[in-house]
């Protein structure tokens, strides 16, 4: 059984060493380009031509990143992720990439509040090969120990075998384990505490991706999760301890591969390239494979191949659908539209394959527009209602206090006023601020199996279209800005989405975001603008963990 310990997370991704991320890119120009005024990308191309040329690091729309003498790009990802790759490369939460192959045991990540969980790696030298490879990952949570032996058919052992995994899902203490199928793979989903979950790939690769609710509460080789990329290898004790041994060269094995090894790996990986949905990774994995082949021969190269094939089969990022304002939708695949209508029980998102869950939204009339009245989340026979009036939370029709935990459902407050409802093994997360910000997250098991306003999660926005499931007749959107309103709306909204927001919140579709902001101002005046600014502040925090100041007009 191939194992992945999955994460339910949100986030922000920045490439730190661009030449490492794009090793086969042409040499950068000798002169430093002018810093572009816009970092937006459209259909894989940087809108501003000064934004570099590393097209394979952009998947459709997103952002391009430019640093002096470097040519890289970044995507609009919603995942804070740390990775250990089969070739011995590590990537921290903020994208610092390094190679580390020293035998021993190392803390990849741990909780710093109470020390109630940790993820430890065991690196070993096998059969006299060069360097070391990942052989075991150990997860300790509140007294329970889960050992995952890498590159084996039956890898999981709970508490030394004293607690066999006999059910699906299987729960022990704070940990839930469930096997979910995706095309070509069985995935084991393990979640604990506030959405700290790990992906253990079937070869010798690990990914850990915590929810932003854990900001400032994690340390280890992955980094301290302080939401500050400048902290990498400057403050964390686990990072500093390994620093003398990172990026060590091995005789005859350059990091970018020997030419003959590169050709071998191209032949090994090429048959899988045509069916890879994330083919931007091909060159990166080819060079990683070549390095691994030089270090440990065919066996180690095959683990890189397995890493590549699994990455190809999974979506590039976590599926995120957002409802914001009055009422704007961004689907899982980033189609965007707005509608007004006092619709009851509108299907926002659902598992339309196994019918295990759905998320529905009720709207109500408010003068000339509509807003959210209630969000209903169903998992099998369990129904959770989030009611705006009074911030009521009901499970099975009964009021519950927060935090709440029962079977595979947990509900808790994040950042004071964002309610998070997490459901496993479906890997469904719903975040709602009881106003006009609703975020739905799903993961790999539902790739191509969802329906509703959020669309079919398949990385194809062309098959996402507005469909209210016949629940109501749509009413026209209120008119936009008058000529008198427009100048002030433009001033406020351009200031809200200034250039600093690009880096802090990885803002995609900036012109569209400004238009939405202006719509809110022209709909409800200064109050509409300030409500929108606060919603954006929360959206930025949910997706990327960054905390923004609201405009002075709203303080």
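Yeah, the Cβs are placed from backbone N, Cα and C, and that goes for glycine too.
Features reported for this protein in Swiss-Prot:
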DISULFID  82-222  disulfide bond
DISULFID  321-454  disulfide bond
DISULFID  343-493  disulfide bond
DISULFID  352-451  disulfide bond
DOMAIN    80-266  domain 'VWFD 1'
CARBOHYD  186  N-linked glycosylation site
CARBOHYD  408  N-linked glycosylation site
SIGNAL    1-11  signal peptide
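Features recorded in Swiss-Prot, as mapped to the structure shown.
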{"residue": "82", "record": "disulfide bond", "DSSP class": "strand"}
{"residue": "222", "record": "disulfide bond", "DSSP class": "coil"}
{"residue": "321", "record": "disulfide bond", "DSSP class": "strand"}
{"residue": "352", "record": "disulfide bond", "DSSP class": "coil"}
{"residue": "451", "record": "disulfide bond", "DSSP class": "strand"}
{"residue": "493", "record": "disulfide bond", "DSSP class": "helix"}
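Counting every protein chain shown, the Cβ of residue 454 (disulfide bond) has 26 other Cβ atoms within 10 Å. Each residue contributes its Cα atom, and for residue 352 (disulfide bond) and residue 82 (disulfide bond) these two points are 31 Å apart.
Listed disulfide-bonded residues: 82, 222, 321, 352, 493; maximum Cβ neighbour count within 10 Å falls on 222.
Between the CA atoms of residue 454 (disulfide bond) and residue 82 (disulfide bond) there is a gap of 28 Å, rounded to the nearest whole number. Nearest Cα neighbour of residue 493 (disulfide bond) among the listed disulfide-bonded residues (82, 222, 321, 451): 321.
The Cβ neighbour count for residue 451 (disulfide bond), using a 10 Å radius over every protein chain in view, is 17.
Checked against residue 451 (disulfide bond) by C-alpha proximity, the disulfide-bonded residues 82, 222, 321 yield 321 as the nearest. Reported as a whole number, the C-alpha separation between residue 82 (disulfide bond) and residue 321 (disulfide bond) equals 23 Å. It is 27 Å from the Cα atom of residue 222 (disulfide bond) to that of residue 321 (disulfide bond). For the domain 'VWFD 1' (80-266), the model's pLDDT averages out at 83.
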